[in-house]
Amino acid sequence: MHNLYSITGYPDPPGTMEEEEEDDDYENSTPPYKDLPPKPGTMEEEEEDDDYENSTPPYKDLPPKPGTMEEEEEDDDYENSTPPYKDLPPKPGSSAPPRPPRAAKETEKPPLPCKPRNMTGLDLAAVTCPPPQLAVNLEPSPLQPSLAATPVPWLNQRSGGPGCCQKRWMVYLCLLVVTSLFLGCLGLTVTLIKYQELMEELRMLSFQQMTWRTNMTGMAGLAGLKHDIARVRADTNQSLVELWGLLDCRRITCPEGWLPFEGKCYYFSPSTKSWDEARMFCQENYSHLVIINSFAEHNFVAKAHGSPRVYWLGLNDRAQEGDWRWLDGSPVTLSFWEPEEPNNIHDEDCATMNKGGTWNDLSCYKTTYWICERKCSC
């Protein structure tokens, strides 16, 4: 009866409201009018599933929509099914109040396929099924969250992303390089300064060493020079004495204070000196310490001094111990040594003549009188 009234356009008889509410075959009935609220879980799903082929599949970890688990399992042939009517006009003469929305069932069936019914007397609009879209829609689905908007937990909001972190590391690296260069330059500068100080100290030490060597060489050279001067002077005086003796002079005379004997002059000193000082005095006066070559000469000298004084002779063994020689280098041919002399006690290397004309060895550094000998001058 409900269908008859619906076809003829008459209002529903009383009692049909409860029958419609109790109609368990609600999902197989004619789609509701536009002024009725959609069935929970069906209209929005159809609107969202219009672009099902072009939509991006949801994340695997997203929970399923309420009441759609069994629909996804049952709607395997959703792409080949006919979409339901969406723009059906309301029934003529129907003034029934809008139905309250029913609670969503746990198990819902897919919507009816797009199939026209033989309804006479109704002004139904033409229903067109949209062709399936084969193109891929690149626009993100409204239910699918955007990848750009997904927050990443390991990135800090203040860091500004990986680019900002990379810039920060670049800044740290630049600061490290600049610091390393500065420390390297500072170390090089300190090393150069220390090197210059060490080189300056080395030059000063080299200069001091050179000065010390020069002084030592100068002192040694000065001592050698003095020795050479003394030797040259002695040789010169000896040459002059010999030259004067060779000259043919008419009158042979001796200097004042000198005693002549067989063409020679002898000087007996009134003061005392060491052996070296006495030798130097004789050389300065163109003479030498007395050299005895004969008994007559020895007797003249022993008698001439006539006093208990001890005089230096020109005899010594400095070159070799025990080898006594005169100043002219000749060995001793006549010996007038006292008994047990020479004994070389206390480094006694020079010879003296005592009061009786005997010889004795004495240290060259002691002081006593001396006798000089030279040839007579004309």
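The backbone N, Cα and C atoms fix where each Cβ goes, and this holds for glycine too.
Owing to the predicted nature of the structure, the values given are computational and were not obtained by experimental measurement.
Residues or ranges marked as topological domain 'Cytoplasmic' in Swiss-Prot (evidence: sequence analysis): 1-172. Looking just at the topological domain 'Cytoplasmic' (1-172), the mean pLDDT is 52.
Residues or ranges marked as transmembrane segment by Swiss-Prot on the basis of sequence analysis: 173-193. Residues of the same chain lying 6 or more positions beyond the ends of the transmembrane segment (173-193) include none with a Cβ under 8 Å from any Cβ of it.
As annotated by Swiss-Prot, topological domain 'Extracellular' applies to 194-378, with the evidence given as sequence analysis.
Sequence annotations record features per position, and here Swiss-Prot assigns disulfide bond to Cys254-Cys265 (among others). According to its DSSP assignment, Cys265 (disulfide bond) is in a strand.
Feature annotation from Swiss-Prot assigns domain 'C-type lectin' to 261-373; the stated evidence is sequence analysis.
According to Swiss-Prot, the disulfide bond annotation covers Cys282-Cys372 (among others), on the basis of sequence analysis. Around Cys372 (disulfide bond), the same-chain residues six or more apart in sequence whose CB sits under 8 Å from its CB are Tyr266, Tyr267, Ser269, Phe281, Cys282, Asn285, Ser287, His288, Leu289, Val290, listed in sequence order.
Per Swiss-Prot, the feature Ca(2+) binding site maps to Glu341, Asn343, Glu348, Asn360, Asp361; the stated evidence is similarity to another entry. When other Cβ atoms within 10 Å of the Cβ of Asp361 (Ca(2+) binding site) are tallied across all protein chains shown, the result is 23.
If you look up Swiss-Prot, you'll see Cys350-Cys364 (among others) marked as disulfide bond. Other Cβ atoms within 10 Å of the Cβ of Cys350 (disulfide bond) number 28 in total over all chains.
Local packing around the Cβ, expressed as the count of other Cβ atoms within 10 angstroms, is greatest for Cys282 among the disulfide-bonded residues Cys254, Cys265, Cys282, Cys364. Under the three-state DSSP scheme, Cys282 (disulfide bond) falls in the helix class.
Using a 10 Å radius centred on the Cβ of Glu341 (Ca(2+) binding site) and all shown protein chains, the other Cβ atoms total 17. Taking the mean position of the Cβ atoms of Glu341, Asn343, Glu348, Asn360, Asp361 as the Ca(2+) site, the remaining residues of that chain whose Cβ falls within 8 Å of it are Trp337, Glu338, Pro342, Asn344, Ile345, Ala351, Leu362. DSSP assigns Glu348 (Ca(2+) binding site) to coil in the three-state reduction, placing it in neither a helix nor a strand. Only Asn360, Asp361, from the binding-site residues Asn343, Asn360, Asp361, place their Cα within 10 Å of the Cα belonging to Cys350 (disulfide bond).
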